[in-house]
Amino acid sequence: MRPNIVSEAGLQTRMGQWWEGIPILTSAVVVVCGIIYLVCLLVGYDSFAEVCFWPSAVISRFQVYRIFTSILFHGSLLHVLFNMLALVPLGSELERIMGSVRLLYIIVLLAISNALLHLLIALLVAHNPLHPYPYFMDECAIGFSGILFSMIVMETSLSGAQTRSVFGLFNVPAKWYALILLVVFQLVMTNVSLLGHLCGILSGFAYTYGLFNVLIPGTSIFLAIESSTYLSTCVRRPKFIMCTGGNGAGYLPTHSNQTVTSRSGVLSGNIWENLSSWMPQRESSLSAQPVTDDSRFPGRGRTLSSQTTTGNHDSTLQSRLLDGSSSPERSSPIATIGGERSLAGRLSAVDTTATATRPLGQQASIPSDEEVQKLVAMGFEKTQVEVALAAAEGDLNVAVEILMSQQG
């Protein structure tokens, strides 16, 4: 049997594959925040008094630009590294569901709502008649973590999970997950903005409960933006995700609502596991669940474990692969390790799928050039496609599943 070239690849190859799997907006935020931190480091800028979110300055001097500059600047290497490693799995999943342009709008909306809530709470606490506490008015907050806490709430609501794991140490009810993370960070870390993170959580709940629906344009508006000539270059890139939830280049399948007990990047689960593999993952069970439309998370997608449909005549390869990826009998979740299924679970799933979908006595087909070219057209490397098809015994559905698990 041919060796798995992905596992034997060097660090540079693994990093390249990991980076190529990150959608365009999420990767752009990582690059911008990283460059800004490096420039500040090189020029020796470390006061951040002119760019942080400072309630007193925003109110007295009307410096509203601080709403946006504060989320792009970070105070230390660990600060920017931790935030960006947490953003990659969270932002990637939400971007694949919402689309790149829509998620950009949501991030701007969350930044504004976080700032308004920050100002409101700071004013109430500073001027309450019982015990005035002006500290929050003079607090200088920077970092993308406020937006991250909003994304945590949104992703938790989207996943449908009942419990979440906190750093792999203990499980908590999903609805309290973000708040418990807030308490943990306040206890174990110094110089952390309580109000900034709390406002991010509140904005996330406001979004999931539909309070922002009136402020979010319809899909037709985002489609018009995507079709403009100004974005034509970005839209043609494989990493760009259309607002309908699909990818114009057919590069990355999207995810939809599913029952999940997950670990989002470095915010939960085993931190060393994520850093050593260079592939932040979210753990997911593959039990099938009906896909329902949700106006809060617009987009089109199916999970890789959706039930087999008879007489499927979808025109695109991606739809054919995703619609027939498993049988109705396969209902129990497959064990996962760090967001990827174990080898034994994968082989078991391959055997189950093959048994359910192939007639008795049918032999495994040899991968044809046409099958290889179809998967190469989806953005996978030819050598990896050949290995995956050989492991899947020519089954395109299983081959795509293996390739996606390898790319993370």
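In case you wondered, yes, glycine gets a Cβ from its N, Cα and C as well.
Remember, TrEMBL labels are computer predictions, not curated facts.
Going by TrEMBL, these are the annotated features:
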- 283-292: compositional bias 'Polar residues' (COMPBIAS)
- 303-334: compositional bias 'Polar residues' (COMPBIAS)
- 367-406: domain 'UBA' (DOMAIN)
- 283-336: region 'Disordered' (REGION)
- 21-45: transmembrane segment (TRANSMEM)
- 65-91: transmembrane segment (TRANSMEM)
- 103-127: transmembrane segment (TRANSMEM)
- 133-154: transmembrane segment (TRANSMEM)
- 166-188: transmembrane segment (TRANSMEM)
- 194-216: transmembrane segment (TRANSMEM)
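Among 21-45, 65-91, 103-127, 166-188, 103-127 has the largest number of CB pairs under 8 A with the transmembrane segment (194-216). Remote same-chain residues near the transmembrane segment (65-91) are listed as 22-23, 25-26, 29-30, 32-34, 36-37, 40, 46, 48, 51-54, 57-58, 103, 108, 111-112, 115, 141-148, 151-152, 155, 191, 264-267, 274-275, 280-282 (criterion: CB distance under 8 Å, separation of at least six residues from the stretch ends). Same-chain residues lying 6 or more positions outside the transmembrane segment (21-45) and placing a CB less than 8 Å from one of its CB atoms are 72-74, 77, 80, 83-84, 87-88, 91-92, 95-96, 100, 103-104, 107, 144, 234, 237, 239-241, 252, 407-408.
Taken residue by residue, the domain 'UBA' (367-406) breaks down under DSSP into 30 helix, 0 strand, 10 coil.
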